[in-house]
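If you check Swiss-Prot, you get these features:
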type    : residues                               : note
BINDING : 419, 420, 421, 422, 423, 424, 425, 426 : ATP binding site
DOMAIN  : 406-622                                : domain 'Helicase ATP-binding'
DOMAIN  : 864-1029                               : domain 'Helicase C-terminal'
REGION  : 83-104                                 : region 'Disordered'
ZN_FING : 794-834                                : zinc finger
């Protein structure tokens, strides 16, 4: 047996002979030619025994004898007789990419882009070409791109996939001699997608060729390229990407690369281009930013140690220290201060005046007149070779092309105010609303619609030679120059979590001079959809739930409600809410139209560097709002431990983000904010004898199950089950009644059945009807929220769910709201996904587990509750208010019993309350001196609420991530707090709670070292073993 033919040799021969010959034909020819590719090509073309394909031969007008498709070119332009297949019916698989000739582009024009010389490669032998001969270029049809599999030798074995590259070959021929050769791959890659979309055409001729052609001879060609004006129409796709499996190739844009091949040089170059980052020309050396500690490069791996089916419960958040190292804490001491607006009723602190100046300057950018004539830094300006001196603009990052001047008005005007919690971001934002109002700026209010409307500059005098007008497009359809404004100009839109809706309104009314800002709360089922009404108010406040409800890709053209207004300014409070770039909330925020955009968040990164991508997309920070670029240059380097990813993030954030912490100092080195001291301590409790017996029995039973998983080597495969065991142990530390309430009750069993029912339903119902089926992850998320007792908002009434039901598509709604939305009483559409739902398919959503025993009648205090009551009794005489945090609303139910029996007046705030009820609770707690205690779920207290009326915080049960606890308790230690703050955390000694502390400390130590993936998995198992020792 001879030497095996390599795939490289097969590929070389196929690049010349095309895809019409099988792999076996090529391999046989290579064996006959002693592995000489040139000789093998000659054998294939010259030997009758090989099955010859139908090569392109001279065809008279009116026939189409080739299997490849031709485009119209010089001598055979669109509609000319020489255009193969242009005016004649052919089989569908051989349909010409030209379509139907000149009439296919009727009403548009062909603009001359430029010409160039290129070196073609001959695929034939003999004298067939001379200088000056006009050429016809043949392009493969897109339907020919399907991968094929050819059998292995003698029909056995796996076979080899047919080479995709053979389908991307562009060949050239003459009318008299037939096929001559092929053009270089880099040219074919650029031309194919553009020709297939009928956006360009090329003309060519032979410039020089050998007198006697041989296989793989070089032929010098002259080509001219024309582009169709339809490519620049408003609704035409201008960005073309070639199909590819790799991230780098997926960012290949044909048009900018075609301009490069044609030798076109921009007369106004982009400020930065993709090549700057690939070639590492950007200033990203260690001296350009703070040194990146090894710990930060391990964050992604440590995060993966905590990912499980329960999502947020065991989620590892980035610590404040790591966050400050990643995004940087700006030295704001050098910032200028801006005087407090006269319409603000409070005096700003110096650091707040600095923030106001910084925000105002960032919004102004360049003045409107200057910005309208300044080219956007991501775009380049080209002058085409057309005699009409046409100017086009290309974006090297996105591949977009336009004839409309892309000014800096389209750049982001805003940023991220990332001051740590408690520094007064709300007041700073209100001062910005007053200092730079939309009505005062209305005369110069130029806000391009990012989704389609373009700003057209009357001149580009600031550009360098040649001096051409951006609006000089002779013969161009006038309709392309019209700017149709279908949106109503409006004021400020503030989007916040439902909990903060009333607080924003109260803060504005409290701090703004009466009459200076009109405020409208856009919330509830009866909210108006009239854009004129929304645009009349200076400030419109709404929630992320309303935003998601009004966002619809199918109906985006209707322009109703929030999306019918072009906002002067949009502020996202708690902006990390949109961190998941694929979520509806994130997409809804990105779709808003505004001139100025702000993100307010003390935690711009919560779990991963990817969290920043959603913020940058919302802010329109180019090119980082494009996932391909973010993933290539930031996300992947970070995940691979390359410090360039983090350094690039710092360079991106430096001009658009301001972050100070409570430890930041002013020019004199003094803290920018002086607050009363905070005394934080841990109270360790001892279980009573009966509690210890109960806990030990539960622990032994749980450990037996865990040891079985260890013995089977399936610890990580059963991670969710193990967390369930730990959950019961943690609840037992609070009170044994909690375990009895959950245990194996019918309600808990119903949740498991509910999950199985949803997941098994994929093969029936919705799927058979071709409807959208909820993903397993989404179903598990819904079930877990029910398991935790989280209520959520009804997407119809936008209030807390009442008598909640679940649809087969896993959406939760109020029963009454859903049934009222149907036209008949038996079935209707799900208002979220529009799937058909019958009344019989509705499932009553189980509520938080309640207790199998009469807890009032059989009440017994746990050790932890006894310790809490002792602390509260010590504070009763002082009249200071306290907040009790717990993860479980069932434990809040239990806490109400001893509080009532000991005559402590209290109110309660958790996820089951409506917006009006929340506001009422917070107002009563702040203003009623007799109410000393607020019961609050940890999640409800972790979002933006100002709780400075209290000076004591008690965390009843530890969270997996201490940062979550910290965010909640710091709601009382912030601006407005005048008393010394007391923070107490309760831990039961000798239990899983105490070991959780040790695990967290161990994680922080591990982050400082470089771990392999195997070490991460091993560490994850070791942590679980620690919890069960």
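Glycine too: its Cβ is placed from the backbone N, Cα and C atoms.
Residues belonging to the domain 'Helicase C-terminal' (864-1029) score a mean pLDDT of 83 in the model. Taking all protein chains in view, 24 other C-beta atoms sit within 10 angstroms of the C-beta of residue 425 (ATP binding site). What surrounds the ATP site, by Cβ distance within 8 Å of the Cβ centroid and not counting 419, 420, 421, 422, 423, 424, 425, 426, is the set 602, 974, 975 from the same chain. Neighbour density at the Cβ, taken as the number of other Cβ atoms within 10 Å, is lowest among the binding-site residues 420, 421, 423 for 421.
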